[in-house]
Amino acid sequence: MMWRPSVLLLLLLLRHGAQGKPSPDAGPHGQGRVHQAAPLSDAPHDDAHGNFQYDHEAFLGREVAKEFDQLTPEESQARLGRIVDRMDRAGDGDGWVSLAELRAWIAHTQQRHIRDSVSAAWDTYDTDRDGRVGWEELRNATYGHYAPGEEFHDVEDAETYKKMLARDERRFRVADQDGDSMATREELTAFLHPEEFPHMRDIVIAETLEDLDRNKDGYVQVEEYIADLYSAEPGEEEPAWVQTERQQFRDFRDLNKDGHLDGSEVGHWVLPPAQDQPLVEANHLLHESDTDKDGRLSKAEILGNWNMFVGSQATNYGEDLTRHHDEL
């Protein structure tokens with residue numbers, strides 16, 4: 001799920017130095033703008049043939065799942081038991097795992113990449129270690145220290161950098177819900193991953209419009225849409241896939257058929273309604289493991305179907321937790 005991310009996030013991903021300035025041309029383009037929920041796993045959902053890799057990756061997260069092919073069945077079951085205890089403690093602690101608790105666990109594992117990126121940002125940008133990230137801290141670490149009125153005097157294309165700075169500040173102000181110019185961890189998460197927060201939806205749409213609306217009429221025309229995907233060489237025939245994109249624009253992007261995209265249509269495109277994948281998988285695991293059909297799972301029921309949840313060397317899909325269980 002993506003559009004052009006903030007300069008700060010690009011900086012983190014590229015591992016620039018604290019004073020290194022970002023490229024004005026940085027950022028993904030084209031179809032990468034669309035913020036769609038990533039699948040819980042790229043593996044086929046093929047339980048009928050004993051392939052539980054999809055379920056393992058959905059339950060544990062893909063990165064952790066890869067680490068556990070070497071576990072014995074006994075190790076897998078023991079560690080799964082600890083996960084079951086933790087799922088219940090995170091909920092109502094009644095000794096059972098409800099559908100809501102199972103869904104919350106799966107959603108938690110799937111958000112690990114977001115938590116990791118925020119932790120990296122936090123460690124880098126909370127320079128005074130006061131437990132908050134101020135706009136001044138973030139700005140200076142990202143763009144460098146400048147005296148007032150001298151911003152970017154030492155770089156080419158200073159105007160582009162000024163626009164980037166203004167854009168990041170605007171996003172920060174929207175993420176900073178209490179308006180104190182100091183980001184809590186939740187507010188920094190909204191800054192880095194605005195697609196995850198309903199109150200940030202308008203800023204994602206505004207940034208996308210600014211990127212694509214070259215004639216500044218407030219809309220995305222079909223040629224502006226195509227220009228973000230494809231740049232033709234002189235004399236080059238337009239590829240078939242570009243023609244397909246034009247048709248996609250007319251048939252599926254331009255909802256009211258007026259020939260261009262307004263803000264609402266841009267939002268529908270880059271932030272489409274998403275299926276609750278963790279809930280779908282939680283329902284599946286509950287259905288397959290709830291032997292007494294009481295609508296909840298006991299620890300015994302989960303361990304009785306342990307190879308669907310985690311596996312081991314014995315199944316060739318072992319995937320639980322070489323991380324300490326408190327990290328999951």
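Cβ atoms are placed via backbone N, Cα and C, with glycine included.
Predicted, not measured: the structure shown is a model, and the values here were computed from it.
Per Swiss-Prot, the stretch carrying the note motif 'Prevents secretion from ER' among 125-128, 149-152, 237-240, 325-328 is 325-328.
Highest Cβ contact count with the domain 'EF-hand 6' (277-312) among the listed stretches 75-112, 113-148, 200-235 falls to 75-112 (criterion: pairs under 8 Å). For Asp292 (Ca(2+) 6 binding site), the nearest neighbour among the binding-site residues Asp94, Asp128, Asp130, Glu137, Asp176, judged by Cα separation, is Asp94. Comparing CA positions across the binding-site residues Asp128, Asp130, Glu187, Glu224, Glu301, the one lying closest to Trp96 (Ca(2+) 1 binding site) turns out to be Glu301. Report note: the Ca(2+) 2 site is defined by Asp126, Asp128, Asp130, Arg132, Glu137, and the residues of the same chain whose CB lies within 8 Å of the CB centroid of those residues, excluding them, are Tyr125, Thr127, Arg129, Gly131, Val133, Gly134, Met182. Residue density at Glu224 (Ca(2+) 4 binding site): 18 other Cβ atoms are found within 10 A of its Cβ, drawing on all protein chains shown. Note: the CA-CA distance between Glu137 (Ca(2+) 2 binding site) and Asp294 (Ca(2+) 6 binding site) rounds to 53 Å.
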